[in-house]
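**Q** Features from Swiss-Prot:
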| type | residues | note |
| --- | --- | --- |
| MOD_RES | T195 | phosphothreonine |
| REGION | 547-628 | region 'Disordered' |
| COMPBIAS | 555-591 | compositional bias 'Basic and acidic residues' |
| COMPBIAS | 594-612 | compositional bias 'Polar residues' |
| COMPBIAS | 614-628 | compositional bias 'Basic and acidic residues' |
Amino acid sequence: MAKAVGIDLGTTNSVIAVMEGGRPEVIVNAEGGRTTPSVVAYKGDEILVGQIARRQAALNPAATLFEVKRFIGRRWDEVKEEAARSPFTVKEGPSGSVRIEVNGKDLAPEQVSAEVLRKLVSDASAKLGNKITDAVITVPAYFDNSQREATRQAGEIAGLNVLRVINEPTAAALAYGLERKGNETVLVFDLGGGTFDVTILELGDGVFEVKSTAGDTHLGGADFDYRIVDWLAGEFQKEHNFDLRKDKQALQRLIEAAEKAKIDLSNASETSISLPFITFDPETRTPMHLERSLSRAKFEELTADLLRRVRQPVEQALSDAKLSAGDINEVILVGGSTRIPAVKRIVQDLVGKTPNESVNPDEAVALGAAVQAGIIQGDSSLGDIVLVDVTPLTLGVEVKGGMIAPMITRNTTVPAKKTEIYTTAENNQPGVEINVLQGERPMAADNKSLGRFKLEGIPPMPAGRAQIEVTFDIDANGILHVTAKEKTSGKESSITIENTTTLDKTDVERMVQEAEQNAAADKQRKEKVEKRNNLDSLRVQAVQQLEEQEGAAQDAKDRLKAAADEAEEAVRSEDDSKIADAQKKLEEELRSFMTANQASTQGQPEGTQAQANKADDDVIDADFKPAE
């Protein structure tokens, strides 16, 4: 049976891991990397994913998609500001959803994320020697129901059976606590590329119990990058009266340079940013260059408000868990953005202790997801591990006056089920519309509507007489199911809160088929490249033989050279039939050449080789002074 894997589907980078010998291990990708950039590029009919997509981004900014996790499961009115700063086109889709336009085609964020998942799983399957079908995928703890469901759908589009969707900080705690003994209260501080979570857990005797979670799904490393982008663009505009952010290619280069500068400033007090030929003067068409120095102090000044936003979720998580900073035994840092020195200082200041850096912030989440996958599959090496997680946001229904009536409050342990009785507001009311909400505000309009459904056929009766039983049921993935039943008549209606990103079952099935078709095309392209590379390697071998065997018969050398030249032409043509013919011919000529040469060598008089060896013995190694 193929093992299930754990996947950290990140904003900036993604990681895949598996249980091996009782320990979670990261699976390297085809390029040998432990992390894979969450970047997808569309180049003609070809889809590039990972490092290869990232490398060509500056030349193909409109069709190179990154940080798509910031749009997954979101509605257009939630992401308009973030969409405006992307080098690619993000726009409103059906029913207020988000779509990304590439080469005239509209893509759902789930489709793009599915390409990253497919790359991870394909590479891992090749490494493990088994096709992977089952996975645990992580999400930020503060992801709402829509975002969780959209992530699960991305896995489905990628051809995966998603065993569980679990919270990233909880997964990191699993990786941290797997081999630790004794009881601890741990605060996981997870600042990734696009999201921020704080989770407090109690660990002990194989039980991982989440006490509280808080966060901000609009805060991450990319926000720090864009502060540098805006500063660089502003400085350039002052000097040249031209806004680089209006040039997609220049904007892509700015984003890449900003990320590099941010990383440099984690280890240096100052860094240089050099972008030659960043654009051209619109009037004279002469090239323009950008050269700037950025100090760590200036970077902290540019991001001061972002750094302040880091504090509140930590304080809220402590308050919700009814703990003080002194009750925390360890602080675990997760996510690449926790390497920012100012972030580390804030954490230390808030909790009063130096963070534990024993876990790799880039890999801990995937490792923990692999542990969860092992638990689900019954991996005996893990023993009796129990994971108790919570729902991050309050769930409720809209009631008279536009208020929200909470059903399941935030930080309730999941799975969870709650039933409440509601009634009608008017005499002889034939039905009710139930608006399912998620959020912490008292008014329904200020919270996120997850879905609406109707319960009809209520018998005529005075206002307040009908008894409508509403049940909220959250599963282990944090996905919500709601039912409503009128007790007198027995009429019942229900809704599973999914399809909140306007991807219905038909959409998902179509995308799965497209993904499978792409997979077949990708396989064909890979096989074609391998055949071309094999022929080219054989050609190089033939050329080496010609150089090494100068004394071979001239007609044999001529035939081999002609076959090698034909192979070189076939490689350049990319014509499958030419490549196959050239491969066959070159193999035959090379085999014939080497056989003839070997026979010639064996047929030499015995003394010839001995004399050659004697001549070698007479050679004296010496260092000669070069001629003046």
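Just so you know, the numbers here start at 1 and follow the chain as drawn.
Placed from the backbone N, Cα and C atoms, the Cβ positions cover glycine too.
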**Q** For the residue listed as 'phosphothreonine', which DSSP three-state class applies?
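**A** SS state of the residue listed as 'phosphothreonine' = coil.
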**Q** If you count Cβ atoms within 10 Å of the Cβ of T195 (phosphothreonine), leaving out that atom itself, what do you get?
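**A** Excluding its own Cβ, the number within 10 Å is 28.
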**Q** Within the compositional bias 'Basic and acidic residues' (555-591), count helix residues (DSSP H, G, I), strand residues (E, B) and coil residues, in that order.
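**A** Split by secondary structure, the compositional bias 'Basic and acidic residues' (555-591) comes out as 35 helix, 0 strand, 2 coil.
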